[in-house]
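Among the features that Swiss-Prot reports, S-adenosyl-L-methionine binding site is placed at Gly33, Gly34, Tyr35, Asp51, Phe78, Asp96, Gln103, with the record citing sequence analysis.
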Amino acid sequence: MSQYHIPVMLSEVLEVLAPKGYESYLDCTFGAGGYSNAILKSCYCSVTSLDCDPHVIERVEQIKQDYGERFSFIKTNFADSFGKLKQQKFDGIVMDLGVSSMQLDIAGRGFSFLYDGPLDMRMSAQGFSAEEFVNTADEEEISDVIYKYGNESLSRRIAKNIIKYRKIARIDSTRKLAEIVRYSIGFRKGKIDSATKTFQAIRIYINNELGELERFLANVKNILKKNGRLVVVSFHSLEDRIVKNFFKENSAKPVARSKYAKDEIKIDQNKWLEIITHKVLTPSSQEIRLNVRARSAKLRAAKKIL
């Protein structure tokens, strides 16, 4: 495994997913293969992995060499995967909704404000880039995106300064955007860089990350076997809210009845999930010390019962 990639909450994911021999699992976000590799290593099972990032292919080939026919890969976004999975159903599904270390640490991908590179941020290297967005969107749209997806209270000031700067020169690098944001906000106490929220917001918007998550969850029932488990690790409060509400809306509860009734408790047939993690799981302090990028991770899991 790449030395720079540390799968977030790996032990918790494996404990909740509970892989078993001869079962099949779906890794919706291959990244550098951390979850896929760990699941395959845990028992004699099979894993299908998804990712739309063309840069993962080298790691995909490594895992294929290690596990042979037990591992398969489909180059696709998880929200677009249903037709390509050819009616397969899985005993467990895992999703890591964060940007991988591999994406953050390559300056040319344009995800990170720590390295100077082209202002891109696209997961699939196709479609509208962050550079196009900050150089063409109007002030109100930029402000709304930064506020909605980054929860940045100074979004209007940042947007105003982006408009001012781009009248002088095109904003075409991560360094330029980060400097504009830092200038707009000024110094903030703490270890988190002032540009963090703005970069996160633009990345989420550019890749339609929340919409893709909602689209996948709306259809996930069709590819999960009965008693199959869905495990989701999110890194943003809006992502976590979507997952939490989805689990809540689809979780089965006993139908109310008289305490004197002798018939068995019935389950609402429109509800098909049983929540496994009644309280959200978060990384241990030890993991955060080893991998600061894990600090905002939240894990939720549920089981299909119908």
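First residue shown is number 1, and so on along the chain.
Keep in mind that glycine also has a Cβ here, set from the backbone N, Cα and C atoms.
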When neighbour density is defined as the number of other C-beta atoms within 10 angstroms of a residue's C-beta, which of the binding-site residues Tyr35, Phe78 has the lowest density?
Phe78
Fewest other Cβ within 10 angstroms of its own Cβ, chosen from the binding-site residues Gly33, Gly34:
Gly34
